[in-house]
Every structure is written in C-alpha cells, then in structure tokens.
Amino acid sequence: MFFIIFFPFILWNVDPLVSRRIIVVWAWNLFVGQSTKDMVRWSRPASPPVVKVEVFYNSEYSMPSTHAMTGTAIPFCLFMLTYGRWEYPFLFGLGVALSWSVLVCVSRVYMGMHSVLEVITGFLYTLLILAVLQPLLERIDTFYMTGDFAPLVIVVSHVGFGLVAFSLDSWSTSRGDTAQGLGTAAGVALATYVNYQLGLLDDYPLSSLPLTLPALSAALVVRSVLRFLVGVVVLLVTRMGMKAVTIPFLCQVYGLPADDVRRARQLMRVELPYRYIVYTVVGFNCVSVVPVLFSLLNLS
C-alpha cells in the first residue's frame, strides 16, 4: 500500500521524472534482493528466542533483508535524483535519506524478521546496486522514451527476469512481490514511451532548473489533494477490476477450480501472468491514463 501512495504522489504532485527513475531502481533492486534470498536460502531468525511481531513474510528467506534494501534504495535514490535538480540544503537531504533508511533497518530487527547482519548486508548491497544503476538512469529513461524497440525490450526484459526469479525456489511471497515490482516498472516504462510519442510527457523543461518549492496556498493544497485522491481511486479500481477478471480467466485457461484462489496463485503459470497483467496495467494507468484524466477535470 505504501508504494501505491508514495510513487503516484511524487509523480502527480512533485516531479514525474524523479518518480519514473525511482521506480526503475526500486523494481530492479527488489528483483536482485529477492533473487539473492532464494539463492542464499537463509531461514528467518528462530522463534524463540526471537519474538516475531510480523509473520506475513515468514515463508521467505532472510538474507539479505529486502525491506532494508528498499528502505535504503528509495530515500537515497530520491536524494541523489533531486539534489541539484531541486533547491534544498545538502545536509537536510542526506539527513532525511539516512534517517529513513536507519528507521526501516532497525524496525526489521525489532520485529524479529532479520538479524543485524542481514540488515547491514541489505544496506550495503543496495549501496552497491545504486553505484551501478544510478549513473545509467538517464540513459534508461531516454531509451524508454525514444528507443525504436523500447516496448519489446521492456516486455521481454521484465518478463524474462521474472521467469528467472520464479524458477529459483518453491512458492513464497517473494515471488509475487518480485513479479509485482517488475510488472509495475514495465507498465510505467511502456506509459513513458507512449507519453513521449504522443507528446504528453509533462517533465519540467531544462530551462526551469533548478526547481524551487512553490509557496503553499490553499488552492495548491486542495488541487494536490484532489489529484492524489482521484488518481489513487482510479488505480485502486483498476487493480480490483483487473484482479477480478485475470485470476478466474487464468484458472479457466489452465482448468483449475476458480473457488480456491489462494491455491491457484501459488502456481507459477497463474501467479506470474496475474501479477504482470494486473500491475502492468496499474503502472501504465498511473503514468499515462490518470494525467489525461487530470487534464479533462482541469486538475493538471
């Protein structure tokens, strides 16, 4: 739920370019982290002596902590993408990114889901991924917009790596999370291509950089809140509708009972296309369809 709030808010109300590039980092960071978990295969800390506050992800392996990886990748990527593009003090941005990351890392130990070693490994692993991926973000974003074969490359790469992740081990929540992240990123990338080709891309012009925070006013706040609420409702309805259609359809295709959705989703041939179809459409609507709706409603 955090991601369906955070990414769209940045996209619709702050800076579309920054949001698109953070999603690239988030998806591939998640893929690398979850795949590494399934290769290393370290079990969760034993309970007792550990008291587990959260048990939903107990079926996953634990090395490295992908929550620590995500909680490091997003704030530090946000800081690196916005510093110099937006005007704010360096120490303020670094302090926010570091505090965000530390809070997430400490919470995973407190909740009994990871050891200190797993959290530290996740933090350092992400810094390595950022060191490789961050310098490539502009080229990746440019290719998504202008590449002749961009749609084909986007679909093949995201689905291909998803197949790799799904073949590493038996079912766990990590497989669905990985496919969900890659599907979202694929939808965002495809929408970026479509928006650019149709002249609908609403990035800030280079002449306006560096950007400054606008003065807060009642009109600005109301417009931002309305954009956010309308957009999130569209995304939630999209997700609900696509889930309601996709899972029964896949069960029918493979001759599975549609009344046992939980069991059906544990099968690769159901969960992989289900996650990709649903979240690719959600990502596409977030970047392409919702901004058009804002224009029609005079909320741009």
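Keep in mind that glycine also has a Cβ here, set from the backbone N, Cα and C atoms.
According to TrEMBL, the protein carries these features:
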DOMAIN    23-134  domain 'Phosphatidic acid phosphatase type 2/haloperoxidase'
SIGNAL    1-19  signal peptide
TRANSMEM  90-110  transmembrane segment
TRANSMEM  116-137  transmembrane segment
TRANSMEM  149-168  transmembrane segment
TRANSMEM  215-237  transmembrane segment
TRANSMEM  276-297  transmembrane segment
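Within the model, the domain 'Phosphatidic acid phosphatase type 2/haloperoxidase' (23-134) shows a mean pLDDT value of 82, rounded to a whole number. The list of residues near the transmembrane segment (276-297) in space but at least 6 beyond its ends in sequence, with Cβ under 8 angstroms from a Cβ of it, reads 4, 7-8, 11-12, 16, 20, 23, 158-159, 162, 179-180, 182-188, 190-192, 194-195, 200, 202, 227, 230-231, 234-235, 238-239, 242-243, 246.
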